[in-house]
Amino acid sequence: MVDMKASMFLTFAGLVLLFVVCYASESEEKEFPKEMLSSIFAVDNDFKQEERDCAGYMRECKEKLCCSGYVCSSRWKWCVLPAPWRR
């Protein structure tokens with residue numbers, strides 16, 4: 001009877017551990033597209049032309065406001081062209 005209790009406890013603990021690992025893996029996968037796109041469109045400091053008071057196309061808009069003609073994407077936090085349904 002003791003062996004059955006121990007095996008049930010180990011099985012339950014294994015399932016909980018599997019759930020935690022799968023959840024952590026899934027949450028990392030959700031961040032992957034953002035990280036990949038950020039690295040693709042990242043601008044090196046050597047290629048920056050000048051500092052502006054506003055952020056241009058595909059620039060981060062966390063601290064700065066976007067230049068005229070662009071809006072800050074709520075999902076990606078970049079300055080993008082406004083979609084027709086947002087005007």
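Any Cβ shown, glycine's included, is placed from N, Cα and C.
Keep in mind the model is a prediction, meaning the values are calculated, not measured.
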Selected from C66, C67: Swiss-Prot disulphide partner of C79:
C66
Determine, on the basis of Swiss-Prot, the cysteine among C61, C67 paired with C54 in a disulphide.
C67
Disulfide-bonded cysteine for C72 as listed in Swiss-Prot, from C22, C61:
C61
Among the disulfide-bonded residues C67, C72, C79, which residue has the largest number of other Cβ atoms within 10 Å of its own Cβ?
C79
Packing count at C61 (disulfide bond) (other Cβ atoms within 10 Å of its Cβ):
20
If one looks at the chain holding C66 (disulfide bond), which residues at least 6 apart in sequence have a CB under 8 angstroms from its CB?
C54, A55, G56, R59, C72, C79
